[in-house]
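Structure provided below as structure tokens; questions to follow.
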Amino acid sequence: MSAKTYNAGVKEYRHTYWEPHYNVQDTDILACFKIVPQPGVDREEAAAAVAAESSTGTWTTVWTDLLTDLDYYKGRSYRIEDVPGDDSSFYAFIAYPIDLFEEGSVVNVLTSLTGNVFGFKAVRSLRLEDVRFPIAYVKTCGGPPNGIQVERDILNKYGRAYLGCTIKPKLGLSAKNYGRAVYECLRGGLDFTKDDENVNSQPFMRWRQRFDFVMEAIHKAERETGERKGHYLNVTAPTPEEMFKRAEYAKELKAPIIMHDYIAGGFCANTGLANWCRDNGILLHIHRAMHAVIDRNPHHGIHFRVLAKMLRLSGGDHLHSGTVVGKLEGDREATLGWIDIMRDSFIKEDRSRGIMFDQDWGSMPGVVPVASGGIHVWHMPALVTIFGDDACLQFGGGTLGHPWGNAAGAAANRVALEACVEARNRGVPIEKEGKAILTEAAKHSPELKIAMETWKEIKFEFDTVDKLDVAHK
């Protein structure tokens, strides 16, 4: 073996980190970045710079490179592709050896792949489009505490999507009035109600009182309906210690499900809470507050499909996933792609949906996608078509805004859902025949009839900002 020599100075990244003939290993973590390089920086150099800064490199040669096998540990940019319809950017595919990352640590993966490299001057903008986690790494992560099938068995609910509702107004209610709103929704036919993501423990409603009144409402609704009910008690807190304190109290009250804001609260806290839920048999609902700050810019940040993969590794039984048809951002094909990423055991590369790699989850349980944001009964046929049964459809204003009150709003949604599921099971194309299906069901449900009249003119027809690159052609 020849002796290594140290040559001080600065050299182009491509000489070390650009390897177009690299043979990708089954154990490599693969990343696809969309890069807009600075003027004068060519594609190979920009891609190699990203590989270097997100793995072993720095701005100059250092003598301590000789103390390790740099060729083994470095990231490698192995392929470059054009972005359809965008001449300013390109895709760079980078392979990282699995030993660069701590086992079971989403925090460590994000620190490397989305750390200092995103402020690197060699690139004008940078976006992490997708990541392939090898099964060898997936197996080191805990994943969802319970999973889709276990949740079905806990709740004894099968053959349809769950129905939920975020209590409104999101802020300002007293704990007792909050509990009253929960009870009305649950007795009307919903499966779940939810704390809004910014409901923590404010002066108008401290967390302990909220938990008490909500659980009283749940138990009362369960006795009256004979169904299991739940409310996503938000345990997100200023510190991990306080978060676990709230989770323990929810357990004392026999709450079936709790909630965490996983991006604002952080992946370290989220993984710890997921482990706690797994040990204690409690479902974990995950809200994605702050995601659009990170994923909405089509040229810089992290695509939501990556955030969804990170959540599945970190742990959560539900995750907000957009609606396609509601008030929030979400391209239809891209949304269908990350819904599959959340639920399925194996997902094949599919550029038409923005999926850049095959992803094998092995036996890791799936995550229930949650559709929430500006939806109402008229959206039900599309939602059932898009999301299927293993989903939770959450109607906040679409429940609480009913002219006859919360219980009537809940009943309208339940009738609409069951009518669509029954029609689908008969082979009816429900998205095409949705109006007829709902109109027929409304003949036997005055609550649904009023809901349809109330929201018949409500649409959110704004164009999607973050379009799939294939749609740019």
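Using N, Cα and C of the backbone, Cβ positions are placed for all residues, glycine too.
Note that the coordinates shown come from a computational prediction; the quantities given were computed from them, not determined experimentally.
So Swiss-Prot says this about it:
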type	residues	note
ACT_SITE	K168	active site, proton acceptor
ACT_SITE	H287	active site, proton acceptor
BINDING	N116, T166, K170, R288, H320, S372	substrate binding site
BINDING	K194, D196, E197	Mg(2+) binding site
MOD_RES	K194	N6-carboxylysine
SITE	K327	site 'Transition state stabilizer'
Tally every other Cβ atom lying within 10 Å of the Cβ atom of K170 (substrate binding site).
13
Just checking: which of D196, E197, H287 have a Cα that is within 10 Å of the Cα of K170 (substrate binding site), counting only these recorded positions?
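So far as Cα distances go, the recorded positions lying within 10 Å of K170 (substrate binding site) are D196, E197.
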Spatial neighbours of R288 (substrate binding site) among the recorded positions K168, D196, E197, defined as Cα within 10 A: which are they?
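So the list reads E197.
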Compare all C-alpha positions of N116, T166, K170, R288, H320, S372, the record's substrate binders, and send over the largest distance in angstrom.
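The two farthest binding residues have Cα atoms 37 Å apart.
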From the centroid of the CB atoms of K194, D196, E197, the recorded Mg(2+) site, which same-chain residues not already listed sit within 8 A by their CB, in sequence order?
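Everything else in range on the chain: T166, I167, K170, D195, N198, V199, Y232, N234, M259, H287.
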Whole-number Å distance between the CA of K194 (Mg(2+) binding site) and the CA of N116 (substrate binding site)?
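Per the Cα atoms, K194 (Mg(2+) binding site) and N116 (substrate binding site) stand 36 Å apart.
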Would you mind sorting out which of K168, E197, H287 (the recorded positions) have a C-alpha within 10 A of the one on H320 (substrate binding site)?
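H287, listed in sequence order.
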State which of the following recorded positions has the fewest other Cβ atoms within 10 Å around its Cβ: K168, K194, H287, R288.
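Among the recorded positions K168, K194, H287, R288, the sparsest Cβ neighbourhood within 10 Å belongs to K168.
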Quick one: of D196, E197, S372, which binding-site residues lie within 10 angstroms of K168 (active site, proton acceptor), measuring between C-alpha atoms? Sequence order, please.
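Those near K168 (active site, proton acceptor) - Cα within 10 Å - are D196, in sequence order.
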